[in-house]
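Here's the structure we're looking at; comments come further down.
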Amino acid sequence: MHKAQKFALGLLAAAAVATASDVVQLKKDTFDDFIKTNDLVLAEFFAPWCGHCKALAPEYEEAATTLKEKNIKLAKVDCTEETDLCQQHGVEGYPTLKVFRGLDNVSPYKGQRKAAAITSYMIKQSLPAVSEVTKDNLEEFKKADKAVLVAYVDASDKASSEVFTQVAEKLRDNYPFGSSSDAALAEAEGVKAPAIVLYKDFDEGKAVFSEKFEVEAIEKFAKTGATPLIGEIGPETYSDYMSAGIPLAYIFAETAEERKELSDKLKPIAEAQRGVINFGTIDAKAFGAHAGNLNLKTDKFPAFAIQEVAKNQKFPFDQEKEITFEAIKAFVDDFVAGKIEPSIKSEPIPEKQEGPVTVVVAKNYNEIVLDDTKDVLIEFYAPWCGHCKALAPKYEELGALYAKSEFKDRVVIAKVDATANDVPDEIQGFPTIKLYPAGAKGQPVTYSGSRTVEDLIKFIAENGKYKAAISEDAEETSSATETTTETATKSEEAAKETATEHDEL
């Protein structure tokens, strides 16, 4: 009996360990006190049925455990149980992550949803914009992240310090920033003040900035130096490449050995184009479908393509040709010189527009969307997207209301399958809805409200040139699920049906 009791107690202990969590679950009556008593908190607002939330859960747990020793708390709120609390904090989709420094200092989490990224982001949040660096803590500071920046500035050089602080405030989510006025330490690090050293745990190990301290120049130096010469393109790095502001060259290959071989072969090209084009390898077995997004065949590798991120233009290298140093160098040089036309993927132009919603394809995009005489509301959708399917009848109703209104010749309700057509807009998820006002086509307005006919009409009336307010008969309701956006990497619908990994970024 004694042994049985010990065995039972052992099972209970094991269960306690297995179920222990470093993520604190908060409710309405505990939320405010928890935020007030902890200097820095990352809170996740989630729903148990949400596929993206389920995918985040183990990553969030791992990050919470890692950050516990640094006294950075991770919390979560179940919005199906705490509806009022979630509405109070403006939650419109799941998961929503917010950084709290007290109840009055709240900012959205802008990092990736991976344990390492969450950990890195929150550590940077815990640091001051610029940390003091000395000979005693320099080596430790270098290890704070994959890339850190240290300014070596004389104590009397207030101007350089102010410029560096401006950059740090702007980019603090991306890199840890440190500063030292120790001339001997600067000399030991091989620089003379004023200078900035970017320390990194890849490529050549560090990069030095010794030009005049100007915000734009330092920003460019940081972004260029912190990007691997030839990095790895995947879910954790993709958004960073997309936000870098320069073209991205993809090297597709099916094996790690082949990716390394091609990287070594093309490295001199990447070095010559540093700061002009980012280069990265991509696993063709895991993410081969992304080749199709670049207008490459998805069954013929290795392959190479360049994406002009700002204009969302694709420049695929001929897959019938061998990837050699000479061939890729010539291709890249021609791209930089503007000698290559972008490849455009488009469905056929509809022979006739049927229905109240105008169908847009790549070949008629400019003609319809950029018609300067009309306010054009356009939905960028994906056929597999569950939220797009849910929106469809409401969007048709919206189109019908405008088609029979006094604004029928001045307002267009349109849609485009963004998976089958190249569009110049940067689309982060589906559905994305934008209004291109007449007379201001260069300043489209992205819709972020609930997906009801009433609210969409209000959006058009408030942001369009013609202030096209119309009435609608049916009263619509909205919920957080209606405003959720599905990322292009994974549809929530598919996440519910299968646990297999998707091969899109």
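Cβ coordinates are placed from backbone N, Cα and C, and glycine is handled just like the others.
DSSP classifies C53 (disulfide bond) as helix under the three-state reduction. The Cβ of C53 (disulfide bond) lies under 8 Å from the Cβ of E44, F46, A47, Y94, P95, each on the same chain and at least six residues away in sequence. Annotated disulfide bond per Swiss-Prot: C50-C53 (among others), in sequence order, evidence recorded as sequence analysis.
Feature annotation from Swiss-Prot assigns disulfide bond to C385-C388 (among others).
The domain 'Thioredoxin 1' annotation in Swiss-Prot covers 21-128 and is backed by sequence analysis.
Taken from Swiss-Prot, the feature domain 'Thioredoxin 2' applies to 335-465.
Here Swiss-Prot flags 470-505 as region 'Disordered'.
Annotation comment: Swiss-Prot describes G51 (among others) as site 'Contributes to redox potential value', evidence class similarity to another entry.
Look at Swiss-Prot and you will find H52 (among others) tagged as site 'Contributes to redox potential value'. Its own atom aside, the Cβ of H52 (site 'Contributes to redox potential value') has 22 Cβ atoms within 10 angstroms in the protein chains shown.
In the three-state DSSP scheme, R113 (site 'Lowers pKa of C-terminal Cys of first active site') falls into the coil class. Feature annotation from Swiss-Prot assigns site 'Lowers pKa of C-terminal Cys of first active site' to R113; the stated evidence is similarity to another entry.
According to Swiss-Prot, the feature site 'Contributes to redox potential value' maps to G386 (among others), an assignment based on similarity to another entry. Other C-beta atoms found within 10 angstroms of the C-beta of G386 (site 'Contributes to redox potential value') number 19, with every protein chain shown included.
According to Swiss-Prot, the feature site 'Contributes to redox potential value' maps to H387 (among others), an assignment based on similarity to another entry. In the structure as shown, the Cβ atom of H387 (site 'Contributes to redox potential value') sits within 10 Å of 23 other Cβ atoms. In the three-state DSSP classification, H387 (site 'Contributes to redox potential value') falls within a helix.
Under the DSSP three-state reduction, R451 (site 'Lowers pKa of C-terminal Cys of second active site') is assigned to coil, being neither helix nor strand. According to Swiss-Prot, the feature site 'Lowers pKa of C-terminal Cys of second active site' maps to R451.
Annotated pair C388 (disulfide bond) and R451 (site 'Lowers pKa of C-terminal Cys of second active site'), C-alpha to C-alpha distance, rounded: 10 Å. Taking CA atoms as the reference points, H52 (site 'Contributes to redox potential value') and R113 (site 'Lowers pKa of C-terminal Cys of first active site') are 10 Å apart. DSSP places the residues of the domain 'Thioredoxin 2' (335-465) in helix, strand and coil in these numbers: 39 helix, 27 strand, 65 coil.
Put simply, G386 (site 'Contributes to redox potential value') is 12 Å from C50 (disulfide bond) when counted between their Cα atoms. The recorded positions C385, H387, R451 include none with a CA atom within 10 A of the CA of G51 (site 'Contributes to redox potential value'). Counting residue by residue with DSSP, the domain 'Thioredoxin 1' (21-128) contains 46 helix, 23 strand, 39 coil. Just so you know, the Cβ of C385 (disulfide bond) picks up 23 other Cβ atoms within 10 Å once every protein chain is counted.
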